[in-house]
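What TrEMBL says about this protein:
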- B:HIS143: active site, tele-phosphohistidine intermediate (ACT_SITE)
- B:GLU228: active site, proton donor/acceptor (ACT_SITE)
- B:ARG142, B:HIS143, B:GLY144, B:GLN145, B:SER146, B:GLU147, B:TYR148, B:ASN149, B:ARG195: substrate binding site (BINDING)
- B:4-134: domain '6-phosphofructo-2-kinase' (DOMAIN)
2 protein chains.
Amino acid sequence: AGMEKGRVAIFDSTNVSRKFRCEMVEELRSVVQSRSNVILVESVCEDPEIIQHNISATERSMPDYKGTESREEVVADYTARIQCFAARYEPLGDEDKVYSWIKTVDGGQQVILNKIFGYLPGRIASFVMNLHTFPKEIYLSRHGQSEYNLAQKIGGDSSLTAHGREYAVALAAHVHENVLRKFPRARLWTSTLRRTIETGELIRHEDVEVDGQPWITMRPRQWHALDEIHAGIFDGMTYDEIAEKDPEEFAMRKKNKLGYRYPRGESYLDVLQRLDTIVHELERQRDPILIISHQGILRIIYAYLMIDEIKSREESPHVAIPLNTIKVLRPHAYGCTCENLALLKSKAGPDGQTEKALDPPSH
Amino acid sequence: AGMEKGRVAIFDSTNVSRKFRCEMVEELRSVVQSRSNVILVESVCEDPEIIQHNISATERSMPDYKGTESREEVVADYTARIQCFAARYEPLGDEDKVYSWIKTVDGGQQVILNKIFGYLPGRIASFVMNLHTFPKEIYLSRHGQSEYNLAQKIGGDSSLTAHGREYAVALAAHVHENVLRKFPRARLWTSTLRRTIETGELIRHEDVEVDGQPWITMRPRQWHALDEIHAGIFDGMTYDEIAEKDPEEFAMRKKNKLGYRYPRGESYLDVLQRLDTIVHELERQRDPILIISHQGILRIIYAYLMIDEIKSREESPHVAIPLNTIKVLRPHAYGCTCENLALLKSKAGPDGQTEKALDPPSH
């Protein structure tokens, strides 16, 4: 049944022997047509530091060890498991030249791609190459309230309101206190739109030294790929105006929020596509990253990271990303946790906007 | 001096010995800071078929052999060269683990990436992996005249005029006769905009068999990345209107056509960025490809392929891509040739538009 829902399936097992792997690939050929549509992925690690790190990461999050009390017990058991597999494992090599495979050595120090052809296999290879198990925090924040938010308009490129600037102050204070002290190498990504740039503008950029290297804290990086979903001909209108002017389009969008493409604009599926680069970069980076972006975009990034919570693509456009709040995500070996920190206590803005204006319309 | 103009430099030499390579990398460290900023690229080929193919490709286009009359002479000389290098060449391997390198085996059958970290090195690796020396033709065509062209408006998503449809007829006839007969596997890429889709609409999609596999001829593939440069707030206006309404913007664009970004729209540099995927796909494909797109986009693709003719990025937004014409590009080992085929003889349209309307405003 899953076959109809996607183009990639993952078969997770230890596949210790060459004989078993060959049989498996040949067996699958009846389903996938060509041998090269089955990609074996092997991760070889002999760096004791990485192994040690992986054991502790696993010990903390692996479902198998839930309820096990003693840390030593878990480490001993897991180390024994590794040794057991290492003794029996037949690595991919010259004898497997006829198959398609990706082999990463010591957490990406070396990567071997064998018979990896075509667009999707290439993207899969690039994705696998970017993966690592070093823990890092990811912070998601919407921009502060913008002029368009206040006017209930979608899209545009307006500046922050006084209330929005209040959030920028709170965000900078939070980042200085809670992020930069722990992680001087934390990074800052925004979209190219004014409201996200202004929201991050009060964060300090200091010349410091990290690990003996010069470093500018939170040097902002602007990504087009983080721009809000483009509403095409409806850009700059309120939802009431759209519903009035074009009830048919309005209804179509309600019916299929994921696939609906604004006339001359984008659909959530288009956004998914353009976030491909962001997701690869997010996986690759070992430093914590603060992403200041837009509700439509953060929904997709959140859904990608919180795969245990958001079970289908169809749910992702409905995720709530509250204003004035920073989401702290901590991916680990077996999932991801999320903590919400509301940085502005009062829901009422300084200039007495209504509740509605503080919860602006979103795509 | 070149250092100020780009972020990547290529040092093309045979680098036969390990000792020389090490010395070179260590020497360069004073310029590039880190060892991992020097990437060695090695292409190993022991497949006799590919070697034979490369020799004939080289024989036809290598500058060294210009003026040499006898084909046999060239093949003999080149084969001797290869044997001479093969005997002395020390391949990259375990002893070079400390360096960053990309090794491709037998034209991409296997690829080894050693210490390739970061965004740009990753893109370079992906680019190198996609390269091949099999000859293919690339056809570039603008869409036929659109309603907006006729009205001298930029942007939009209008349909073809009668004259534009005339071009679609001529293009389909040309493709059936001159492309599909020779290359049944030729591919068709358009943008997502109506005028390019309609221009390719009369090309036949037949179920055929190629190399024993089912194949649909010229099955259209729509790419957002091939959409025209987005004029932002000026979308749908004529250039006269823009010059009148916003002379300052108009002047800024004149001054720096490459870097100028339309308010809420794109610059040519943005387009360069989003064509990254297209260029990788273009290199990877072994089948001929017909690209029906827009002047702004085709300029960049043309400039990329015709690097001997278009010497700088600054020139690329000024390349003329004539209407009603198909450009046949033939990349070869040492450059690319281009042939222009005007498919509509008469410049006067069926409904008597002016010359100006047949040469519509372009970005």
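Cβ atoms are placed via backbone N, Cα and C, with glycine included.
Whatever TrEMBL says is automated annotation, not expert-curated.
What TrEMBL annotates, mapped onto the structure for a quick look.
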| residue | record | DSSP (3 states) |
| --- | --- | --- |
| B:ARG142 | substrate binding site | strand |
| B:TYR148 | substrate binding site | helix |
| B:ARG195 | substrate binding site | helix |
| B:GLU228 | active site, proton donor/acceptor | coil |
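Here the binding residues for substrate are B:ARG142, B:HIS143, B:GLY144, B:GLN145, B:SER146, B:GLU147, B:TYR148, B:ASN149, B:ARG195. Their largest Cα to Cα distance works out to 14 Å. Averaged over the domain '6-phosphofructo-2-kinase' (B:4-134), the predicted model reaches a pLDDT of 85. Of the recorded residues, B:ARG195 (substrate binding site) and the residue listed as 'active site, tele-phosphohistidine intermediate' place their C-alpha atoms 6 Å from one another. Distance between Cα atoms for B:HIS143 (active site, tele-phosphohistidine intermediate) and B:GLU228 (active site, proton donor/acceptor): 11 Å, as a whole number. The residue listed as 'active site, proton donor/acceptor' and B:ARG142 (substrate binding site) have their C-alpha atoms 10 Å apart, to the nearest angstrom. In this view, B:ARG195 (substrate binding site) is surrounded by 28 other Cβ atoms within 10 Å of its Cβ, with every protein chain counted. Residue counts for the domain '6-phosphofructo-2-kinase' (B:4-134) under DSSP, helix first, then strand, then coil, are 69 helix, 17 strand, 45 coil. Each of the binding-site residues B:GLY144, B:SER146 was scored by the number of other CB atoms within 10 Å of its CB, and the largest score is that of B:GLY144.
For B:HIS143 (active site, tele-phosphohistidine intermediate), the number of other Cβ atoms no farther than 10 Å from its own Cβ, over all displayed protein chains, is 27. Neighbour counts were taken as the number of other C-beta atoms within 10 angstroms of each residue's C-beta; across the recorded positions B:ARG142, B:TYR148, B:GLU228, the minimum falls on B:TYR148.
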